[in-house]
């Protein structure tokens, strides 16, 4: 018994300590890949067998499965114990034995990997090749796919029907699957299935949900080349008497076979990321997530309820309940199988114990001589060795079985524990959701009954703030409008007063006429009474007078009619004036808007120019003044030393004649020291002058080097852009994988169910779901109302203010609400931009103040130096005057002369330095004046431009294009200046950074090895290297000497590609390098299979340009009018199209000409690729003709394509006729 216990303990320790961490399972299948393995399911009787066809190559990984007689039993037991009930074929459902299609085959492979992978296992694929280690994340990822495949087996059966191997069931299954699963289940599908799928896709129109993917693959082909050699033949008899006979040679052709890889590409339309289904629609999960995120933004409590609603949506669905019950039954089946296995293990342990006890009994009973003789025979070495080997083999077999069983036990127990924890969490979430839903119902009822005070207060505050802002912003324009209104009212009052005066004068004249008429009548009556007898004589006079009166009255009536007409004319003029005023107001507003936009643009350009100029000034000051500062500090230190020495010497010189004899011996030493210091000062000043000269020289050299550096910078920027693009593509794939993984896990959480079936909870869930669904539209309405309130608040407040201000204005002069809104928007924009411009101007003023402060500091330093020099000179002169009586007067005089001369030289140099600083200040002031002049000239230009536009309205399009061409060289000059400053800064920072880099490289020598060890990919690196060499062949540094592929430089089967100045080799596995001579890996390593190909996203590259100007000089045709430029690869300034990707491009061009003879070329990198020509042979008469052409070229990254006119002219025409277009067909 003790031995049995030790045996069991050893086996358990072995399986627990080693089997869990280093258990390796290897499965193989015959290389045909078509052998079918029959596997009985858990719930099916033994006569019902389901056949699974396992493919050797899938989209995920190519895994060859090898079965050994030792592993088949364990594998069969695993498959029997772990097949879920969704894969079983029950006779009641009527499901037939059918072979899976291509999509189902891929799922079968994933299922096998999921069911048989341990927790931390390293699985060997492709025996004889490298072993691929799978991490926990990839295992979980595959497990999620296996669980999804179990769920979707039922959907495949329902959609596909009872289809067999054909493509009906496969397409149906693919239609209902996620995009990630369709990508995995592609595999090596049948041709019929693919053709059907493509036909259904390409018949429909392409929208934004579809993306083009290019399928590329390398196919090796054999090329036959005939190598011709000429062999001289024998000399025959010569028939000529004089001269030499010709030699005859024989032609021999030898066939030479070569391998060449051709790139085979095909275009395929697929759903973009985030879309799925046959019509590439948005996923349901993403739509729900969008809805829930919009709801969550409105209110936090509402968002929480919606999120919990999303988790509990499946509580009332019968399908979800059925899935949950199926999974519970499946877990119960697993538990029963585990119990059976534990019973079997206990039985085997009991059998071992019984055999051990029987052996002990036999040994105790049989103590005879025969048994002892047998024991003596058994004590020989050979028998002992045999017994040991047998025991070891049996022990190993038993140990392996125990490891497998214990690993399975751990796996099942861990899965059960995970399921139990997940169900517990779900129950907790359900309870929390029920409680939160009840609380939310109360909260929603409270919210519906009463509006929140906080929102109302916020709205009031917001309205008050908006009113204040409106009053601040609209005071000036409203005052101006009021002034105009008062002016117009005064003009109208004047016109009314004039009309009133006119009417009064008319009334007065009419009254006077009536009075005159009455007087005449009275005089006539009196004359009739007095002169009755003389009536006959007067009657003739009266008739004449009456006729004249009638004529006068007619004339006056005509005058009155004319006056009324004049009044009507004046009224119509007043109306016309009001209408014209309104029109002028509208025109003035439009002009003001245009002028404001132009002023903004001009101000922006001026600010940019001033900023660039200030940057240049700051850099020049930093380059010139900072080293001068260091030199001046050194000068001040040396002068301080001089003053200190002179102070030490001063008491010695002031002493009496007793010390003069000793001083005579010490004076030469001190003079030598002073001379050395003065020499140092002169050398420092000379070095300063030399540094200034070198700075000027370097500045000139840098100006010359800027043009060369521009091209290098552009190339580097393009290379970095490509690398960033590749990195972004990789990160997008990683993000898509992560999103798919999260979505898969989210789907798994929905499929989990509780162990206990509580009917009351389900009824509550349904009722709560109905209540929540009733609340959702109300929440939507609330969100919409709040958004409309927030968005339209400013507009309504503005309308109210405008209505108040316009209440007293007459109806004729009221302005429209739209005009006020436009004015309000314009004033808001102008105020914000003015604030920005004020900030920028304040920054500029601060910088100018800093420069002035720096110059003042330098001036003060120079004055300090001059004062120090004078202080050092004064005591020395005084001491010399006191002690100039005694001997050695000549020596002292000589020394004084020397010192005076040197100090004078120092003074002259300091004066020279001050002059240099003065010249620097002059240059600074000149630069500032230049900036001001430039700004004034630009403002004058801006003022004159609208006048020119008014005068040249028919040619306004040509004028705009001319302006763009005028502005572009100025911008280029500015950019060149900025680039020159950049290069200066880089050159200055390089020597300091190189030393730091060398130090950091010494410290980080050990780091790259560790990083490379961590970053070992599971795939061969040669595939990546080959792809990079095919794409970015322009990144290689080309030599100056041109060498083509005519010499066949690529070795070891590599293919040669001609470039602009050199060639590149696309090497075969496992070689790399410039000539395919460097070997990467061992010979036993497998080559990458390029025949399967790969899918890549096809970028959008297309351009369309036209030519509107006239062209009379031969050269490159500059198409100035650019309509389409996807990819930003065509530059109108040069007329060249730069290739952004390696691939096949299509170009088309049309050229119009009136000349008798026109010709030109389509140029690729300076080489004439195609020619176009047209000539009128009969006569030199000019005629209108249009040339068209197209080309399909395979081009490399960095190459340039343009059109060159060799002979003839192109007329100016608008709309244009001469065009040039091109686009990327597909990448290679």
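Don't overthink the numbers, they just go from 1 along the chain as shown.
Cβ from N, Cα, C; glycine included.
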Candidate ranges 461-481, 482-502, 503-523 [criterion: Swiss-Prot lists as coiled coil]: 503-523
I'm validating the feature mapping. Which of 207-258, 259-310, 675-726 is tagged coiled coil in Swiss-Prot? 675-726
Between 3-35, 36-68, 102-134, 333-365, which stretch does Swiss-Prot give the note coiled coil? 333-365
May I ask you to indicate which of 819-869, 870-920 is given in Swiss-Prot as coiled coil? 819-869
Looking at 369-399, 400-430, which stretch does Swiss-Prot describe as coiled coil? 400-430
Non-local residues, at least 6 beyond the ends, that sit with Cβ under 8 Å of the coiled coil (503-523): 549, 556, 560, 563
Mind telling me which of the glycosylation sites 344, 507, 981, 1075 has the densest Cβ neighbourhood, counting other Cβ atoms within 10 Å? 981
Three-class DSSP secondary structure - residue 344 (N-linked glycosylation site): helix
So among the glycosylation sites 541, 1055, who's got the most Cβ atoms within 10 Å? 1055
Using Cα positions only, nearest of the glycosylation sites to residue 507 (N-linked glycosylation site) (344, 981, 1055, 1075): 981
If you compare CA-to-CA distances from residue 216 (O-linked glycosylation site) to each of the glycosylation sites 981, 1055, 1075, which comes out shortest? 1055
Which one is closest to residue 1055 (O-linked glycosylation site) in space, judged by CA to CA distance, out of the glycosylation sites 344, 541, 981, 1075? 1075
On the coiled coil (333-365), the mean of the pLDDT values is 79
Round to the nearest Å and give the CA-to-CA distance linking residue 1075 (N-linked glycosylation site) with residue 981 (N-linked glycosylation site). 40
Other C-beta atoms that fall within 10 angstroms of the C-beta of residue 216 (O-linked glycosylation site): 19
Counts of helix, strand and coil residues, the domain 'C1q' (1096-1228), according to DSSP: 0 helix, 78 strand, 55 coil
Write down the Cα-Cα distance for residue 981 (N-linked glycosylation site) and residue 541 (N-linked glycosylation site), rounded and given in Å. 111
